[in-house]
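Engineer: My structure is below; once you've seen it, I'll send some questions.
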Amino acid sequence: MKTKKPAVDAGGEAGLFRLMGPALVMLMLVTALIGAVYFTEKRAEADAVMAVADRGEAVLSVMKDAETGERGFVITGREEFLEPYQAALSQIGGQLDELDAMAGDQAELITASRHIRDLVGRKLAYTQRIIDDRRATGTIQSPEIFIGGKAAMDELRGEIAGLQAYAQRMAEDRRAEMQAVAAAALVLTGLFGISALVMLRQTRRLRLQQRTLEGRIRTEQERWRTLLEATPNLVWTAAVDGRIDYVSPQFAAFTGLEPPHILGAADAWASIVHPDDRARVVRGWEAAVAGGRPYEIDQRTRRHDGAWLWQRVRAQPLHDEAGRLAGWIGSNTDIHDRITAEQALRQREALLRAVLQSTEELIYAKDLDGRYIVVSQAVSRLIGRPPEACIGLTDRELFPAERADRYIANDREVVAGNVIRRFEEFFAVAGAERIYQSTKAPLTDSRGMVIGVVGVSTDVTERRQAEQATERARAAAEAASRAKTRFLASASHDLRQPVQSLTLFIDLLADRLRDRPDEYRLVKPMQQSLDALSGLLTSLLDVGRLEAGQVRPNLEDAEIAPLLERLCGEYVRRAEAKGIRLRTVPCRRIGRTDPVLFERILRNLLENALRYTESGSVLVGCRAGRGRLRIEVLDTGPGIPEDRQQEIFEEFVQIGNPERDRDRGLGLGLSIVKRTAELLGHRLGVASVPGRGSRFWIEMPAAAVPQPARAAAAPVQGRLSGRVLAVDDEALLLISYTTMLEEWGCEVVPAGGVEEAMEALRQADRPIDAVLTDFRLRAGERGTDVIHKVRELYGARVPAALLTGDTAPDRLREAASGDYLLLHKPIGADALRRAVAGLLAQSRPLHGTG
C-alpha cells in the first residue's frame, strides 16, 4: 500500500501568507521603524557633525579676518588695519563656545572642538606677538613667529577640512545603508527615496559649501598676492632644492629680470650678486639648503640700471605637517643707506684718527666725570704717556692740582651753560710754560643731551708775545702821536704869532708909505712873500693834523650866509688888488656840517680861485634841492683839462706852475679840501673847461628852514673911535695891535695876561668899549678867561673878539662856543679893522668900573 504525501493546505498557506503578509508588513514596518530610528540617530549624528563643521568654518572665517588685520598692520604699521583683528577677538570666544555646545557628547566632535580651540589660541598668540614686534621695532624681527602663526592657521584649516570630510563620509555611509535597506525591503523604497532626497539636498549643500570654501581660498590667495606686491621688500620663494620658484613683482622690477629668466634656474640669481660677494653668497645658500637652516646674509645686488645696492637677504625654511622641508620663503631688504653710512662713519673715524695723530693742536674729549675719552697725539706728547694710557684718567691725575682745578672749572662752565667758550690756559712743555687758547664745546648725544666736553687747544705763545710787542709798539706810537699832537698845537700857535705881528707891521708900514711911491712899491713884494709864508704854514699844519688823525668832525645845523659874508669880506681887498670882482649870492639855507672844518674847505677853495684867476670874477653861492645843499665857488681862471681834474686833489700837484712859484702855493690846498670833505661825509666835485674857468662844489645835507638874507658887510671908512682892551702874551703882537688900533683912532689898554688886564681896568678912569684878546695866553690862561672876567667886572656884555692861531678843531670849537667874535691868525689889517669896527658898533656906554 502506498503511503501518500500529505497534501499542503492551501488555506494554511494562504493563512501563512496571510500571516506572513501582516508579519512581513509588520516586519517591514518594524524594519522601517528600526531603520527610521536608526537613520534618525544617524541623521542627528550627521547633523551634529555638519553643524560642528559649519561652526568650525565660521571660526575659520573669523580667524581669517584676524589674519587680514594682522597682515595689514604688519605691512603698513597703521593701527586702523587692526580693526578686523579686534573685531575677530570680540567674536571668537562666542563662536568657540557654540562649537563646544554643538559637539554634544560625541567624543570625536568633542576632541575636534578642543583641538580647534587650541589652534585658535596658538594662532592668536602668534598674531599678538607679531603685532607687538611690529609696534616695537617697525618690522618682524623673528620670522619664526610668522611661520608659527601660519602653521597654526594651516592646521586649523586642516582640522576644519577634516570635520567636513568626516561629515561627507557620514553622508556617504548613510546613503549606502539606505541603498542596502532599499534592496532588502522594497517597502522602504519610499523611505530610502526620501533619504536619497535628503542626501541629495545635503550633497548640494556640501557642494555649495565646497564652492564657498574654494572662493574663500581664491580670496585668500589674492590677499596674499596683494600683500606681496605691496611690501617694499623683494619677496621670493624657493623649492626644497633651493631653486627659485616665485619672485614678487618688486623683485622683477628691481633686478630688471623677467620671472622666466630666473625661475627654476640653478644659478640664475647669482648673476645679480656682486662678483666680490658671489662666492660667499653661494656657499652660504648651499649650506642653508643642505641643512634646512634659516639663511641671512648682506650682499650687493645689481639694480636694473647697473647700480650695486646693499641688501640683507633672509630666507626661512617651510615645513609640511610631517615636519619635512617643503620649501623656502625669503626677502631682500634695502640696507644700502645704512651700509654707506657705516662706511662713511668708518672713513670719518679713520680721518679723525689721522687728524689726532698728525695735528699739533691739543684735541681731546672728556665725559661728565672729567675722564678723558679721546686724546690726540699732541696731548699724549704733552702728558708724556701713550694715548691709550691717558684714556679714563682725569686732569687731577695728569696735571698739577692748581692747573687741573682751572681746567675742570672751565669744563664745568661749558657744560653748565651748554655753550662754546674760549679760555686762555697754560701748560708746561719741555719745562717751559706755554700759553694755549682753548676752545671748548659741549659734547652731546643723538638726543641732544650733554654727555661731556670736547676741546681744541692751540699754542699761542708766540702770537701772544707778538701781540705784546705790538701793544708796546702801539703804545709807543700813541705816545709819539700825542707828542706830535702837542707839537702841532704848539707849532700852529707859535708859528702864527710872528706871522701875525709881521702881517700887521707890514700893513701899518703900507699905510704910512702910501704917499711915498718909491718906498711903497717895496711893500707889495713883502706882503706877497708873507701871504705865501702864511699859506704854506697853514697847509703844512692842516696836512699834519689830517695825517695824524687828530681831526674829529662835530656835525651841527649851521648857517651858511654868515660864513660866506665873513670870508668874502676877508678876501675882497685881495680880489680888488688883482682887479677881480668877488661876489656872493645871498644864501638863506642851513646845512648839516662842522662849521669849523667847512670854513677851512671854503677858505681853501676861495684861496685857490683867487690865486689862479687873473681877470674876470669869482662867485660864491649855494643851491638847494632834494634835501641837499650845494655850495659852489666859480672862477674865470684858466680852467683844468678833463684828464687832470682828479689829479689836482693829490698832494703837491699844481697845474700851470712848472716853476713851482711859491706865490701860487704848494699844491696842498685841494688835497686838504678832499680829505676834509671825506671826513665830513660831504660830496666834492669839480667841473672845468680850459680857457673858460672852473666850478668847485661841496654838497652836504640840508637842515632846517631857510633864514632871511643878510646884506654883505661894507668896507669900513674913516677913523674909529673907542677904547679897546688888547691882550696878548707875545710882546711883538701886543705892540702891533696897539700901534694899529691907535693908528685907526682907538684908545688902547694893553695887557700881557688876565691879571695884568684886570688890574689895568680897575685903575682906568673909564670903562672900555671892546676886548681884543689872543686865545692862548701864558701859564695855561685863555682869552676866554679875559672876556668872562671883563664882563663880570662891568656886569654887562662887553663886545669881544678872540684871535687864535690854533687849527685843532676841538680847540676851535671851544673858542667858538662863547658869545664873541672868533678871528683866525694871520689876519690882515683890513679884516681886523672891520672886526674892531663891528665890536665898537655893538658897544654901549658903560659907567663905573664895578
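Glycine residues also receive a Cβ, built from the backbone N, Cα and C atoms like all the rest.
Automatic prediction, not curation, is the source of TrEMBL annotations.
Marked as domain 'PAS' by TrEMBL: 220-292, 348-418. Taken from TrEMBL, the feature domain 'PAC' applies to 295-347, 417-472. Look at TrEMBL and you will find 490-704 tagged as domain 'Histidine kinase'. The domain 'Response regulatory' annotation in TrEMBL covers 723-840. Residues annotated as 4-aspartylphosphate in TrEMBL: Asp774. Under the heading transmembrane segment, TrEMBL lists 20-40, 180-200.
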Engineer: Let's see if you can do this one: DSSP helix, strand and coil counts over the domain 'Response regulatory' (723-840), in that order.
Structural biologist: 58 helix, 26 strand, 34 coil
Engineer: From the DSSP assignment alone, can you count helix, strand and coil residues within the domain 'PAC' (417-472)?
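Structural biologist: Each residue of the domain 'PAC' (417-472) counted once, the result is 13 helix, 32 strand, 11 coil.
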Engineer: Report, as a single number, how many Cβ atoms besides its own are within 10 Å of the Cβ of Asp774 (4-aspartylphosphate).
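Structural biologist: There are 27 of them.
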Engineer: With helix taken as DSSP H, G or I, strand as E or B and everything else coil, how many residues of the domain 'PAS' (220-292) land in each class?
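Structural biologist: Once the DSSP states are binned, the domain 'PAS' (220-292) shows 42 helix, 10 strand, 21 coil.
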Engineer: Looking only at the domain 'PAC' (295-347), what are its DSSP counts of helix, strand and coil residues?
Structural biologist: 12 helix, 30 strand, 11 coil
